[in-house]
Amino acid sequence: MLSGDIPPNQSIYVKNLNEKVKKEELKRSLYCLFSQYGRILDVVALKTPKLRGQAWVVFSEVTAASNAVRQMQNFPFYDKPMRVQYAKTKSDCVAKADGTFVPREKKKKQEEKAERKRRTEEAQQSANANGRNAETNGGPTPPFRQGNQGAREAEAAPNNILFIQNLPHQTTSMMLQVLFQQYPGFREVRMIEAKPGIAFVEFEDDVQSSMAMEALQGFKITPQNPMAIAYAKK
DNA sequence: AGCACA
């Protein structure tokens, strides 16, 4: 049955997600996966009984959401085919942006009190708020240089294995798989316990590895971590 | 199956 009765929305609703995946990893992986369609403003996932296995991805453009809905239908994500629809309502983060946000209030007094307290605490901390929406990420960016600018190490010749650097330490191989398996010829991700921040990704051949490198060069899993992709040294 | 914004 097509979910065709939901009008286009810049937010998408994703369900049939693997419930074993931790919330933060899930959000990051969704971010990684969907940022190929456009700028992502927010990813929302809750693990409450009612909301586990579901998530919302908020794009800055409806067209991005439309492409995602069409193209990511049944995409195998953590071993489960994801179901993607438009969200039924506007996300808070876009309501806030267009000024139509009204805080919902279905709380009893006690909860409100706690809420208020929390907010004032937040206000104090928001000195360092360089945007809690750290997802103002921008997704893939053009190549950049990092690390050994001076001491010019010889680059490995193109081959079927990619060497990834500058990954956030929370990166898991599943997260990288999610990203790289979108490209034809993907074989596997290898990470080394003792060496966080790097990974190897193998493709069937060097043409395919090069396509993935091109597409994901500089990709940011977090804003601070544009990934540096090179060919592995054999 | 399940449409929220901790």
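Cβ coordinates come from backbone N, Cα and C, glycine included.
Residues or ranges marked as domain 'RRM' in TrEMBL: A:10-89, A:160-234. Per TrEMBL, region 'Disordered' is recorded for A:98-153. Among the features that TrEMBL reports, compositional bias 'Basic and acidic residues' is placed at A:108-122. Among the features that TrEMBL reports, compositional bias 'Polar residues' is placed at A:126-139.
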Legend entry - Helix, strand and coil totals (DSSP H, G, I; E, B; other) for the domain 'RRM' (A:10-89): 25 helix, 23 strand, 32 coil
Legend entry - For the domain 'RRM' (A:160-234), the number of residues DSSP places in helix, strand and coil: 19 helix, 27 strand, 29 coil
Inset, instruction - Looking only at the domain 'RRM' (A:160-234), report the model's average pLDDT. - result: 94
